[in-house]
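To keep things clear, I will list the structure first and then write my remarks on it.
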Amino acid sequence: MARTKQTARKSTGGKAPRKQLVTKAAKKCAPATGGVKKPHRYRPGTVALREIRRYQKSTELLIRKLPFQRLVREIAQDFKTDLRFQRSAVMALQEASEAYLVALFEDTNLCAIHAKRVTIMPKDIQLARRIRGERA
């Protein structure tokens, strides 16, 4: 049923004006949705919890290998040009980096929970790093 704009009217002391009712015939003529089914949506948080369980079970690397390798080479360019890396060296750097990030996010989550929140914020990361002694 279409909404109509309501305007203030001066009362004449009679009955209040009623909303117009749409007849059954008018409803049938109205364009239907065509029976289009809405896509299924999980409740908020369900998919997040499923992803948490999935990634806690797994041991594979979460950062793609080639973008990480490009990042390592880009950072190394600042120190010395024409550096070459063994594949195992890049893999060791990636393992260490991901282990560090996972531990940092765990501590960050604890800081957010301590503040009675479930959403992590930059200030939680800063607090976690400060408690660890990484950043004065």
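Placement of Cβ uses the backbone N, Cα and C atoms for every residue, glycine included.
The region 'Disordered' feature in Swiss-Prot is assigned to 1-42.
The DSSP secondary structure for Lys5 (N6,N6-dimethyllysine) is coil. Here the Cβ of Lys5 (N6,N6-dimethyllysine) has 4 other Cβ atoms within 10 Å, regardless of which shown protein chain they belong to. Annotated N6,N6-dimethyllysine per Swiss-Prot: Lys5, in sequence order.
Here Swiss-Prot flags Lys5 (among others) as N6-(2-hydroxyisobutyryl)lysine, drawing on similarity to another entry.
The N6-acetyllysine feature in Swiss-Prot is assigned to Lys5 (among others).
For Lys5, the entry in Swiss-Prot reads allysine.
Marked as phosphothreonine by Swiss-Prot on the basis of similarity to another entry: Thr7 (among others).
Per Swiss-Prot, the feature N6-lactoyllysine maps to Lys15 (among others); the stated evidence is similarity to another entry.
What Swiss-Prot lists as N6-(2-hydroxyisobutyryl)lysine is Lys15 (among others), and the listing cites similarity to another entry.
The annotation N6-acetyllysine is assigned in Swiss-Prot to Lys24 (among others) on the grounds of similarity to another entry.
The N6-acetyllysine annotation in Swiss-Prot covers Lys28 (among others) and is backed by similarity to another entry.
What Swiss-Prot records for Lys37 (among others) is N6-acetyllysine, and it gives similarity to another entry as the kind of evidence. The DSSP secondary structure for Lys37 (N6-acetyllysine) is coil.
Note: Lys57 (N6-succinyllysine) has no non-local neighbours, i.e. no same-chain residues 6+ apart with C-beta under 8 A of its own C-beta. Taken from Swiss-Prot, the feature N6-succinyllysine covers Lys57 (among others).
Feature annotation from Swiss-Prot assigns N6-succinyllysine to Lys80 (among others); the stated evidence is similarity to another entry. Just so you know, the Cβ of Lys80 (N6-succinyllysine) picks up 7 other Cβ atoms within 10 Å once every protein chain is counted.
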